[in-house]
Amino acid sequence: MKVLWAVLVVTLLAGCQADVEPALEVGEPAPEVREPAMWQSGQPWELALGRFWDYLRWVQTLSDQVQEELLSSQVTQELTVLMEDTMKEVKAYKSELEQELGPMAEDTKARLSKELQAAQARLGADMEEVRNRLTQYRSEVQTMLGQSAEELRARLASHLRKLRKRLLRDAEDLQKRLAVYKAGAQEGAERGVSAIRERLGSLVEQGRLRAAQTSQPLRERAQAWGERLRGRLEEVGGQARDRLDVVREQMEEVRAKVEEQAEAFQARLKGWFEPVVEDMRRQWAELIEKVQVAVGASTPAPSEKH
């Protein structure tokens with residue numbers, strides 16, 4: 001990561017060596033400005049800048065439609081919207097990267113932020129100058145002070161070429177600085193993750209040792225408590241067995257007393273009922289005897305035949 005950052009810084013410094021474009025005479029062929037294809041598929045700010053670039057390229061054609069709209073405020077209004085969208089996306093992306101620069105040293109972060117802010121301001125100034133130049137052209141066309149429309153268009157085309165080239169240069173400079181900013185954020189994030197990983201590893205090891213140191217006394221206390229509990233259970237079991245024997249003896253004593261009382265009660269009942277039974281038997285025998293006597297007395301004697 002450090003090597004990548006160093007390469008990006010060298011590239012950034014090399015890109016800052018901008019050549020001053022000489023002024024073009026009217027009718028002189030314009031040098032070809034390479035198209036930034038990378039703006040078509042990148043960060044949101046790059047896409048927004050690509051839309052500004054495409055619109056500027058259309059204006060630079062100075063077609064009849066362009067010249068007609070230049071006489072109104074249509075073109076400058078469109079450029080204003082595109083410029084504001086681009087700068088808004090640049091600020092959003094910069095803020096996103098700043099949030100990732102937490103672990104980076106404050107002096108490095110301040111330096112990178114200052115350089116990035118300057119590149120951002122240059123890009124905004126380039127777009128602002130394009131808009132101002134088109135506004136100036138509209139005023140010149142409306143006044144036409146000793147100049148022909150052809151001369152005004154040629155001068156505008158020359159200025160737009162220079163501004164377009166400067167815009168491309170400053171956009172690439174901003175792009176490189178943002179790349180450096182992002183590389184710093186990634187390196188800082190990796191450092192932070194590495195530090196967190198080391199810290200967590202240390203905490204885990206400390207926790208493991210502390211747990212081992214704490215668990216040993218706990219195991220010893222649990223073992224001692226188990227021994228005491230086992231002894232207490234054996235003691236309680238012995239007491240319960242002794243108590244059970246006592247209860248069994250008491251139950252035997254109660255059973256013997258109950259049997260004794262039952263036998264006594266049975267003997268008492270027998271003593272009560274035997275005389276009554278004998279008396280009833282005697283009375284019954286006497287009654288039967290009386291009945292037999294009465295029956296015999298009432299029967300007539302048989303008569304003799306003469």
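Placed from the backbone N, Cα and C atoms, the Cβ positions cover glycine too.
What Swiss-Prot says about this one:
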| type | residues | note |
| --- | --- | --- |
| REGION | 81-252 | region '8 X 22 AA approximate tandem repeats' |
| REPEAT | 103-124 | repeat '2' |
| MOD_RES | Ser148 | phosphoserine |
| REGION | 159-169 | region 'LDL and other lipoprotein receptors binding' |
| REGION | 211-280 | region 'Lipid-binding and lipoprotein association' |
| REPEAT | 213-230 | repeat '7' |
| REGION | 268-280 | region 'Specificity for association with VLDL' |
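With helix defined as DSSP H, G or I and strand as E or B, the region 'LDL and other lipoprotein receptors binding' (159-169) counts 11 helix, 0 strand, 0 coil.
For Ser148 (phosphoserine), the count of additional Cβ atoms within 10 Å of its Cβ stands at 9 [all protein chains shown]. Across the repeat '7' (213-230), the DSSP tally of helix, strand and coil residues reads 18 helix, 0 strand, 0 coil. Under DSSP, Ser148 (phosphoserine) is assigned to coil, being neither helix nor strand in the three-state scheme.
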